[in-house]
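Undergrad: Annotated ATP binding site per Swiss-Prot: Gly77, Pro78, Asn79, Gly80, Ala81, Gly82, Lys83, Thr84, in sequence order. Residues or ranges marked as domain 'ABC transporter' in Swiss-Prot: 45-277. The region 'Disordered' feature in Swiss-Prot is assigned to 1-38.
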Amino acid sequence: MNVLSMFGRNATRETSSPAATAGRYADEGDWEGDDHQPATAEGSLAAFGLAKSYGGRKVVRDVSLDVRRGEAVGLLGPNGAGKTTVFYMITGLVKADQGRIELDGHDVTPMPMYRRARLGIGYLPQEASIFRGLSVEDNIGAVLEITEPNRKRRAEELDALLEEFKITHVRKSPSIALSGGERRRVEIARALASRPAFMLLDEPFAGIDPIAVGDIQALVRHLTTRGIGVLITDHNVRETLGLIDRAYIIHSGTVLMEGDPESIVASPDVRRLYLGEEFRL
């Protein structure tokens with residue numbers, strides 16, 4: 001996926017708050033929603049009553065969840081449980097049949113993916129999304145050209161991101177020459193160039209050597225210390241449970257359980273249906 005397409009043609013990053021911007025889309029006729037809006041805390045990304053069917057088969061039914069700024073939340077479950085569909089409905093890649101997605105209490109359900117990105121919902125796909133024909137600094141700079149019109153501030157922000165993610169030494173390197181861990185750091189740094197309030201990470205441990213797992217975990221923790229809310233879906237359960245604050249376990253298209261990692265692992269139902277009786281953190 002070309003990440004610039006998430007912002008739309010000739011798009012610029014919104015400088016007002018997500019709530020104010022969502023409201024402006026409503027005024028322009030691009031935003032629709034129910035007359036009744038439930039109370040939702042500022043600084044949250046939430047889904048309510050999501051449902052999705054394919055060919056008459058209901059794969060997601062009445063799933064609700066929330067992520068607050070500064071916390072990491074896992075979206076986990078067995079293959080075919082519906083977790084990926086839920087995740088893609090939140091990103092905007094899949095349209096929900098029922099339910100809604102709210103950012104800071106404002107309905108963003110009808111918005112395409114690029115508008116959600118402009119409001120502050122970042123997305124890092126499972127497959128490599130790096131621009132292979134560009135250098136590291138040009139990868140990050142491509143997004144900064146959209147989000148920061150001032151050339152001097154753009155250069156300063158580029159230097160800061162390279163330093164923050166410890167990739168200054170490869171700034172001139174072609175992206176195709178990076179290791180798996182370096183590539184992930186570049187992708188996350190580039191995602192942060194869009195100044196998201198929330199990051200949705202799809203299989204962040206996929207294609208990563210075991211030695212780099214701790215590096216990715218540290219990067220996710222770094223995002224939360226920045227005040228960014230993180231939603232992760234991944235098949236590497238142990239690694240994911242080792243870094244999140246809470247998790248939602250999806251089974252047969254519904255939320256089987258929500259809780260902290262210790263509560264999840266201790267649940268007889270979760271162990272029986274998903275983790276197995278011998279699972280340990």
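Using the three backbone atoms N, Cα and C, a Cβ is placed for every residue, glycine included.
Help me picture where these features are in the structure shown.
TA: For Thr84 (ATP binding site), the same-chain residues 6+ apart in sequence whose C-beta sits under 8 angstroms from its C-beta are Thr233.
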Undergrad: With the ATP site defined by Gly77, Pro78, Asn79, Gly80, Ala81, Gly82, Lys83, Thr84, which remaining residues of that chain have Cβ atoms positioned within 8 Å of the Cβ centroid?
TA: Ile250, His251
Undergrad: What residue among the binding-site residues Pro78, Gly82 has the most other CB atoms lying within 10 A of its CB?
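TA: For the binding-site residues Pro78, Gly82, the Cβ with the most other Cβ atoms within 10 Å is Gly82.
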Undergrad: Please compare the binding-site residues Gly77, Gly80 by how many other CB atoms fall within 10 Å of each one's CB, and tell me which has the fewest.
TA: Gly80
Undergrad: Average the pLDDT scores across the domain 'ABC transporter' (45-277) and report the rounded value.
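TA: Mean pLDDT across the domain 'ABC transporter' (45-277) comes out at 93.
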Undergrad: Non-local Cβ contacts of Lys83 (ATP binding site) (under 8 Å, 6 or more apart, same chain)?
TA: Leu75, Leu76, Gly77, Thr233, Ile250
